[in-house]
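Q: Structure incoming, see below.
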Amino acid sequence: MPKNSKVVKRELDDDVTESVKDLLSNEDSADDAFKTSELIVDGQEEKDTDVEEGSEVEDERPAWSSKLQYILAQVGFSVGLGNVWRFPYLCQKNGGGAYLLPYLILLMVIGIPLFFLELSVGQRIRRGSIGVWNYISPKLGGIGFASCVVCYFVALYYNVIIGWSLFYFSQSFQQPLPWDQCPLVKNASHTFVEPECEQSSATTYYWYREALNISSSISESGGLNWKMTICLLAAWVMVCLAMIKGIQSSGKIIYFSSLFPYVVLICFLIRALLLNGSIDGIRHMFTPKLEIMLEPKVWREAATQVFFALGLGFGGVIAFSSYNKRDNNCHFDAVLVSFINFFTSVLATLVVFAVLGFKANVINEKCITQNSQTIMKFLKMGNISQDIIPHHINLSAVTAEDYHLVYDIIQKVKEEEFPALHLNSCKIEEELNKAVQGTGLAFIAFTEAMTHFPASPFWSVMFFLMLVNLGLGSMFGTIEGIVTPIVDTFKVRKEILTVICCLLAFCIGLIFVQRSGNYFVTMFDDYSATLPLLIVVILENIAVCFVYGIDKFMEDLKDMLGFAPSRYYYYMWKYVSPLMLLSLLIASVVNMGLSPPGYNAWIEDKASEEFLSYPTWGLVVCVSLVVFAVLPVPVVFIVRRFNLIDDSSGNLASVTYKRGRVLNEPVNLEGDDTSLIHGKISSEMPSPNFGKNIYRKQSGSPTLDTAPNGRYGIGYLMADIMPDMPESDL
């Protein structure tokens, strides 16, 4: 306290002493006095407030301009490319409509409770992932750092997919679409179709050769693909400009990036339902295969999809919710966003299989036409007798039903010779059973289907613009999960950090736009997030339930929400979720161990994919991705457990935010100014800097030199005076 304030101090000693006695006698009344007391420092009136109710740090924190903007941000983050190209594949692969039941069960058991937990801690503590877990326990601060590392790994390759979508978007403004037909190759004597394209398909060729110009293995880098390099740069510029002011800039874009995909999906669904074969695709999709539903693999894949669909463990959920008001109903938000995510997945599944049903119908018609012509040739050659063909069937204009009848007759009559005829059954179910996911769905199967659409360039533009928006919505949350914790912890300027983060990511991301870049995308997708995020969320669950205390956390929720949350969450968080997450982690490790580490390489000579194992250095990279992602957890624990680094400056976010003022401005303590009472500081904490908004008490309290354990925080002095005072709430 400055010297010229000592007179004021003496004049107020009696009143202040009485306030201090009240403070020490009753925690609740102390909290009220703490929030309402007014002190005169340097001749100015200042009002002390609780850190939760609006400290200087909190007052400066940005906030969502509306609840709708916040909900759209969470929806945009959780609803991503996986909803469009992974959920439909899993639904088809794991029993069709029957897959929805285990998915819904696991959404209720794992998804909503853990999503609610992340929303709650972010909103209650109002910090990013690093600050939140430092608050719970400084030794567990590595959880937040691990989330940041995983977010960065994912951002590196996720934005590459946005770059691919930008490339296809830019190529969609032409008629016909460039992937509609195979290119012709001319030489001195004649013109012929490109062999690689002829052996595969026009859309497959365009993806692998024109877009990626892919190499034959991960070891053949092949140099940079300049087209994709420019698209990647454009993607990072878009992300940087949208995030440079945090939620103040991204919040405006969220309205478009979150809502536009729904407009496109609904338009696609309406258009697809008007096409031949779309109903066949939807019927095939939702025909339940109950026998598959009981397989353990189905439940494991459903749990994994629930886990990643909501963005658990990334830190983006926590970062977004940290900008909420403390009394926001985050329970409602958790349920609402979770079910919006689920219904988006179902909507995308309807669209995908309506379109694929149309595509299968087109391919099936071509198949029937070609095989009917083959049968007619056999009839002319005498290989097949005309007598076995029903008289009412005209093979020149045969229907699918009549063709299948002829096919079955020939198969019975020519049972021994039938394989040599090389006839195809041409059943639409066989085409629909060809499971496609990921880039194969978006850039090959879907693009092929759109070439048969009337006004195909328009639909192509809409589709890839939708993919860009879905990707950007998820990228906003991912980057927020990186930037917000670092800004909260190290107090750097958000604008500078965002630019550096995006620039560095673009430079590192150049490995993904080599000719072998697609293989690195596969590697990062398989190894950089799955296991690390599971470990992070398990530790989050343990930190809240067993370190902070589940009973205390439930009381915090009651105080924050204004009502007691259902005991259902108590049992889910404490018992069910940890066990299921641990089981999922073990199953994922076992599955990863049983699956040979490798990737599908495009072999130009064969014009097909071939599974290749990673080289030795590739295996080292795979292991390193997992290790580096989880390494912050043990490192931070060891550093803080054994005090290996002087953490007093707060550089490692050592300050936990207990009830009381967080002091930012240092003052000089003189004489019996050492008797100032700040509030309650955890005994695990390094000493904080003293600020000017502080309580005062009479001289005679323990001096700084007598603080417990040789520490000199005023919070320890208060602990000596009243050792039985209970820990404050979150």
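Glycine too: its Cβ is placed from the backbone N, Cα and C atoms.
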Q: Looking at ASN213, ASN276, which is the one Swiss-Prot tags with N-linked glycosylation site?
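A: In Swiss-Prot, ASN276 carries the N-linked glycosylation site label; others show none in the record.
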Q: Is it the same side of the membrane for SER172 and ALA397, going by what Swiss-Prot records?
A: yes
Q: If you count every Cβ pair below 8 Å, which range out of 97-117, 459-479, 494-514, 530-550 shares the most with the transmembrane segment (253-273)?
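A: Answer, by Cβ pair count: 459-479.
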Q: Do any residues at least six apart in sequence from ASN276 (N-linked glycosylation site), in the same chain, have a Cβ closer than 8 Å to its Cβ, and if so which, in order?
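A: Sequence-distant Cβ neighbours: PHE358, ASN361.
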Q: Taking the transmembrane segment (494-514) as the reference, which of 71-91, 149-169, 224-244, 575-595, 619-639 gives the largest number of Cβ pairs under 8 angstroms?
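A: Counting Cβ pairs under 8 Å, the winner is 224-244.
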Q: Report the DSSP secondary-structure composition of the topological domain 'Cytoplasmic' (170-223) as helix, strand and coil residue counts.
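A: Counting residues by DSSP class gives 16 helix, 6 strand, 32 coil.
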Q: Are there three or more C-beta pairs under 8 angstroms joining the transmembrane segment (97-117) and the transmembrane segment (224-244), sequence spacing 6 or more?
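A: No, the transmembrane segment (224-244) and the transmembrane segment (97-117) are not in contact.
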Q: What does the DSSP secondary structure composition of the topological domain 'Cytoplasmic' (356-458) look like, as residue counts for helix, strand and coil?
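A: Its residues fall into 71 helix, 0 strand, 32 coil.
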Q: Kindly assign ASN276 (N-linked glycosylation site) to one of the three DSSP-derived states: helix, strand or coil.
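A: It is coil.
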